[in-house]
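Engineer: Structure provided below as structure tokens; questions to follow.
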């Protein structure tokens, strides 16, 4: 058996790849559900029902998809340029912390929302950027591989957040759990739906997907970032300023991750705590790959992950299957997607 | 000031150094093996988590401690095989595959743990490895209790360092391994099958990673809990760069790292007014620093992260 490269990746297969990958992941995860002693179809039925079966389910799914969409974009943008940003989790936390910090500035509470909301969002994005510029700087200056440094910075960032919310940013009125001083009402994102947690962050994330798509497919920056990813040497010979391009990519990627933290604080929590993100940053990597790094595809992939997470929570309550099954399925879909993409590019010959 | 120094004189501190270093030695050797044949294995973080769970589960359900280590090693072999099949014959991105393995292995370990222990009360404990004093040697003042009063897996880790160095530099197999990591085409021309050798080596390396994880549940602590690996896997990846892909220096790096970790833990109790999080950040910052210092000097295996397909350049 050997593999033969296709001249042109099959367009039909490329579109089918994520579907096949998700189905394959669901089949394997189904085996794990069966091992746990539950009826697989009933479990998947309950997952779908939990995610879509009620007004609450739908609004929760969309709320959950919001940060995932942004971290998915963060990974997609970076990976396209072969910038291995695995630090979205830390960038998300720094973005969240920046919002809380801005909210503590005297006078912010009296600003109108039209001013304070953009200000907080910008601060969040900027903090995410700043954190990603560290590993990128180390790569450009010292030749340090950014994978490990951006991973390690995740731990540093969460510890930093913990230090701040137990120290200078601690909410004196919150008993027990350490959390930051709450964000004033004027900086909270408006709700999209009464009596739900769904907030305008979803619109921001959707707009971000469109903006990223436009940047990548319609601008010089997009062309350069793709060239830097495909073949940095050739790109450099062709006059692409590699360093500058990567810095721009890092700003966009880190900005998206920082924004994810910002909208989570301004839309859902209202304050920062160290349980803000159930590894949204890492899930973003899966989402970007499932979308084949396409910004519009990220919307669908984020939705799939959100359905799994929200649905598995309610299925878990009904059947007693650990809700970690959602994490397992999402992680598996990354592995199956890698194989699926391979099959779009290669033929198997005997 | 003397408090800073007093810590260094306690036996507990030096005993802790080897204990903290042990999982890192296992993990670092695992990463080193994989990278020496040219494959990055970012699955380590998840494989360690799964090893920790598998070791704990085997002992919790009645096996003895070495059965736990074995269960972890077998699980490591399986995840290694998965990583190897995806990155070697298929030549998929080693970065993304490794991260996928980490996400998969860690979430699967949490899932299985929750199946075994459905209620979220305090995690059930097992009877961990006891320190095994080496006769005579453990009676040496200072040196004895620190070096020769460790648990059996710690001795195993130290022996493995020597064995791996011998294997890499003194045996034909070691030469074949290094050649595959430097130039798989040349290895192939010599009649070595780079694909098979890579698959086998990644499996063994992943088994070592899983045993490092099992040390956490079976010796360092006595129970499993999610996120217990805490980035130790990533630190191992950094340590391999620091070690320039040499087993002896990997041991040195792990010990040095463990020294700082043991020191900061004790410093926390001595120093007032400094947030404890700053101390906890130190290990990660130190790893980054080690990468910066060594990045330019390190001699990376030439074919690292380059998939090999016969007849394709």
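Using N, Cα and C of the backbone, Cβ positions are placed for all residues, glycine too.
Note that the structure is a prediction, hence the values are computed from the model and not measured.
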Engineer: In TrEMBL, which of A:198-215, A:216-233 is tagged transmembrane segment?
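Structural biologist: TrEMBL lists transmembrane segment for residues A:198-215.
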Engineer: So which of A:61-79, A:115-135, A:147-165, A:324-348 is most in touch with the transmembrane segment (A:198-215), counting Cβ pairs under 8 Å?
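Structural biologist: Most Cβ pairs under 8 Å with the transmembrane segment (A:198-215) come from A:61-79.
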Engineer: Would you confirm whether the transmembrane segment (A:91-109) and the transmembrane segment (A:147-165) meet the contact rule of 3 or more C-beta pairs below 8 angstroms, pairs 6 or more apart in sequence?
Structural biologist: yes
Engineer: By a Cβ-Cβ criterion of under 8 Å, what residues six or more beyond either terminus of the transmembrane segment (A:147-165) are in contact with it?
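Structural biologist: Apart from its flanks, the transmembrane segment (A:147-165) reaches 84-87, 89-91, 93-94, 96-97, 100-101, 131-132, 134-135, 138-139, 171, 178-180, 272-274, 281.
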Engineer: Please identify the stretch among A:12-41, A:115-135, A:280-312 with the greatest number of Cβ pairs below 8 Å relative to the transmembrane segment (A:61-79).
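Structural biologist: Out of the listed stretches, A:280-312 contacts the transmembrane segment (A:61-79) most.
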Engineer: For the transmembrane segment (A:280-312), find every same-chain residue at least 6 residues outside the stretch whose CB is under 8 Å from a CB in it, and list them.
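Structural biologist: The answer is 14, 17-18, 21-22, 46-52, 57, 60-62, 64-65, 67-77, 79-80, 86-92, 154, 205-206, 209-210, 212-213, 216, 257, 260, 264, 321, 323, 325-326, 329-331, 333-334, 337-338, 341.
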Engineer: At a C-beta cut-off of under 8 Å, are there same-chain residues at least 6 beyond the transmembrane segment (A:12-41) that contact it? List them, or none.
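Structural biologist: Residues 290-292, 297, 300-301, 304, 319-322, 325, 328-330, 332-333, 335-337, 339-341, 343-344 contact the transmembrane segment (A:12-41) from elsewhere in the chain.
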